[in-house]
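In what follows, a structure is listed as structure tokens, so that the remarks can point back to it.
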Amino acid sequence: MNIFDEIGDKESVFKDKKYLDHRFLPDRLPHREEQIRSIAKYWVEALNGVTPPDITIYGKTGTGKTAVAKFAMKQLKEASKDCDVNIRTEYIRCTDYTTEYQVIARLCQQLGRDVPYRGWTKAEIVNTFRNMFKKNAFGQDMILMVVLDEIDILLRNDGDGLLYTLTRTDNVSILSISNYVEFKKFIKPRVRSSLRDREIVFPPYGAQQLVDILEERSKMSFKEGALDDDVIPLCAALAAKEEGDARYALDLLRTAGEIADERDSDKVLGDFVREAKDYIEHNKITDIILTLPSQQQRVLEAILYLTKRKEEITSGRLYEVYKEIAKGDSVSYRRIFDFINELEMLGLISTNTVSRGRGKGRTNIIDLQCETSLLEDSLWGV
């Protein structure tokens, strides 16, 4: 028997796993109706031929930002079929397109212009893009709603040139998405003043809200009776502790189901959820560390060294050890503070400011937030 047929014929707790993928866009987004309506009240202006204001949405990972933006795009596209306005919506993930040139080239291609991803000057690509917003053959102005997901990554990598170009192009409205509430510090005042964006905050999901989301998805994903009663509440409770991360909750539920299949169990048990948690945490931290820039990996290496020596880790002591590890290829002391903030934002370390007493000032104490063995495995593969 063919091995793929044999595996495919095995009994499974799943009906269809795709509904547990965070990229799946359902017909309803529980507990995000208010945020959808907030976007819609601005974007509705496009249906009347008016370019909507720019929007920025903030929130931690897994709070529904991308799903809500795509849901609003889908709804606007459907509504625009019945009006005499040329509305286009385009989604750009800034982890895939990390420079102004790449984003503008991608937009040109999506809008019907065959332009190269390299080889043209910046002026050529920008002019080609802007010329698309002149009257078309039918005498209609095109209004473009462009969603820039994880925009902080592009801003750190390439500066604010993209926002400068887009805010100075007629009939373009920007919806920026960021996990990082302070990403605007990467935007120069002249660009920030022309952005004039409306801000929408996405709060973390609560445990009961996560239960509601998981129950809807599980009905489409699992066979009837395949989930033990405590599975969904446990997934929701664990995800609520992870700052209300719905993506994490879905990963837990899917991975627990996969463990059930591996064990030839006809039921997903709470113990499988706990195993899934350990598996996901290990892989998540490893993936984060492996994708860090080399200088940040060296900072982590220095923190690991000091942690294993049970030393108190101050920023000054950290910089001393980091310079020894970097061996002449080190960054400035000020830059280390940026790295510390970014590593804390990723959940790999924590910082605590303590007072040294009268006249001695205050000091940042740094603590590692993952197991030393896991960090060693990730950094050195031992």
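In case you wondered, yes, glycine gets a Cβ from its N, Cα and C as well.
Residues annotated as ATP binding site in Swiss-Prot, with sequence analysis given as evidence: T63, G64, K65, T66, A67, Y205, R217.
Where Swiss-Prot records a feature, it is marked here on the structure.
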residue	record	DSSP class
T63	ATP binding site	coil
Y205	ATP binding site	coil
R217	ATP binding site	helix
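Of all Cβ atoms in the protein chains displayed, 25 besides its own lie within 10 Å of the Cβ of T63 (ATP binding site).
With the fewest other C-beta atoms within 10 Å around its C-beta, R217 stands out among the binding-site residues K65, R217. Sequence-distant contacts (6 or more apart, same chain, Cβ under 8 Å) of A67 (ATP binding site) comprise H22, L25, L29, R32. Around G64 (ATP binding site), the C-beta neighbours below 8 angstroms that are at least 6 residues distant in the chain are L29, H31, R32, Q35, F202, Y205, A246.
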